[in-house]
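As written in Swiss-Prot, here are the features:
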type	residues	note
BINDING	A245, Q246, T247, G248, S249, G250, K251, T252	ATP binding site
COMPBIAS	12-23	compositional bias 'Polar residues'
COMPBIAS	54-63	compositional bias 'Gly residues'
COMPBIAS	68-85	compositional bias 'Pro residues'
COMPBIAS	108-119	compositional bias 'Gly residues'
COMPBIAS	130-144	compositional bias 'Gly residues'
COMPBIAS	598-615	compositional bias 'Gly residues'
COMPBIAS	666-696	compositional bias 'Gly residues'
REGION	1-178	region 'Disordered'
REGION	597-622	region 'Disordered'
REGION	659-696	region 'Disordered'
MOTIF	367-370	motif 'DEAD box'
Amino acid sequence: MAEQLDMGRLNLNDSQHAPQNGFNGERSAYIPPHLRGRPQGGPPPMNAAPPMMNGGGGVGGSAWGPAPGGPSPAPPARFDGPPPGQMNGGGNWANANAQAFTPRGRDGPQGGGGWGGAAPGKFDPSAYGKPGGGGGGSARGSGDGQWKDGKHVPGPSNPRVERELFGVPNDPSKQQTGINFEKYDDIPVEASGQGVPEPVTRFTNPPLDDHLLSNIELSGYKVPTPVQKYSIPIVMGGRDLMACAQTGSGKTGGFLFPILAQAFQNGPSPPPTAQAGGYGRQRKAYPTSLILAPTRELVSQIFDEARKFAYRSWVRPCVVYGGADIGSQLRQIERGCDLLVATPGRLVDLIERGRISLASIKYLVLDEADRMLDMGFEPQIRRIVEGEDMPPTAGRQTLMFSATFPRDIQMLARDFLKEYIFLSVGRVGSTSENITQKIEYVEDADKRSVLLDILHTHGAGLSLIFVETKRMADSLSDFLINQGFPATSIHGDRTQREREKALEMFRSGRCPILVATAVAARGLDIPNVTHVVNYDLPTDIDDYVHRIGRTGRAGNTGIATAFFNRGNRGVVRDLLDLLKEANQEVPSFLESIAREGSGFGGGGGRGGRGGGRGRGNAATRDVRRMGGGGGAGGFGGGGWGGAPQGGYGGGYGGAPAGGYAPPSGGAYGGGGGGGGGGGYGGGYGNPSGPGGNSWW
């Protein structure tokens, strides 16, 4: 064994650890490989100054001593940092010219000092509640803009962020202006109210801000849409607004443009005086603008638009919605939240947690307001608007946007809006003439085979197929996949990650067929959808309007096909009216079925609200200017001017002859002319009637 190891030739004095120069006859301490070969020397005296730490990074030098072969450094000053003017430091790990380590010396503009950042400044407890959570004046926002000395200072351009937000020319994932976009100028616009300002015709300063104009140009917008032409001067003039416009006509820009323009001009609001301070990030956010929308997809879409137009500004948009990790949303809010886009349920949750205050709100936007009420969000909305610390109606601007505003929603708006201007663009509650509507008579058993024929015929572009149930969405997408069509589905039971993945694959064209329930029907801006198929017709004509509005957006043309059979006769009258309004071909079987059903009345609109949401003029006109007039064959009617004979009754000026005035404590009951009986007697009843309960 000894011969194998050749122990005889081992000599401990040849070792790196052997004593050098007879140093007391003792072995030296272990020397790491990267320190071997340095000039030898004894340890410094105990009272010597600490060694310089100019870190020759890597193998050639130590992070804790002078560089190899370098001159002996002068003793550093005490722990007060480098001399002024020598603040080129950074970390002490890779720069051979770095200055001595300082725990917290004089931090210079180039990042000297151990923390390597901006000057910490003095502790200011009042700064920790401000938007952005203090931070000693550091840049913040969607880009890197700042509000400094009473002026908006935009941040530098970032090509990577620009590509992410605005895409590249002819990017298929971004909506391009369609061939009929210029025809929007021919759409009639009706604005009612006191002191309606003149519309604008171009994006200019004034009224908009120069920085916003540059972001609008980056987005590829050339001229304002009709709703934007009116909403910009109305909101910039400090007025409340209720706006109806065709889907895809620029409603989102209609409220984002004026809100952001005023934010860029006026700066952030001062924080409330009494705040609970915090260390590091702020504990509670004080947004100045709140945008409420009904679905996760819609708030995400609005947030993406807000990021575009707030690019390089001091405004930091945030989005919160249910079904996603609340921790990441809280961290986003803590970094600063000036413009908040939220679903009502998640916002109430964050308010209860004490993480959001509405005390600084200047602008409240309700997008797809009728849909939010239909989905049961009214208690949360009323709590947010009336039950928390939001300024009263007179202390904020309130904007309501939707493609339809039925009568009861307009009446509800009087609680939230003050002296508002009602804006109706085009045939609101109707559909775009850019959409070619086809109604096919198809029995349920034949729907799948007819759908395959349609997909074979209209194979190009993106196809969006609407069904009524979650089970049908998965079943139909599986069927299409088995038939060789790339399809995916989106509905309420899929996780947020799955829904976002499905939408991304659909938008990009990797999966050009999307089967969806109503969750994807309202407000989603999915560009370049060429064909919408209503595999299952909805029971509500407004839902049909919003579904087919996913195509024909921004002036593009599209096709909408609906499968109709006798099981859908409840919407036949409304469907007929809709086709005639949009100058579409009316199939003969629709008129035949409509005549069959005329005995039991149609046009009841959303029966769940007493039928008052029929397709009468109330869905498109300012209810303040109306004196009644029911929906076709429905309950409708009422209003401030009184109900027609036998109509629903229940107005704000008392129920005249024939209108339904509830008896004492009345709830449900008669009075319903026009077929179908009365709706909610006392529910929407006459507040001045004997014992009638006002719904609001």
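Glycine too: its Cβ is placed from the backbone N, Cα and C atoms.
Quick caveat, the model's predicted, so the values are computed rather than measured.
In this structure, of the binding-site residues S249, K251, the smallest number of CB atoms within 10 A of the CB marks S249. Confidence in the motif 'DEAD box' (367-370), given as mean pLDDT, stands at 85. Around the Cβ of G250 (ATP binding site), a 10 Å sphere holds 23 further Cβ atoms from the protein chains shown. For the motif 'DEAD box' (367-370), the number of residues in each DSSP class (helix H, G, I; strand E, B; coil) is 2 helix, 1 strand, 1 coil. The local packing around T252 (ATP binding site), expressed as other Cβ atoms within 10 Å of its Cβ over all shown chains, amounts to 24.
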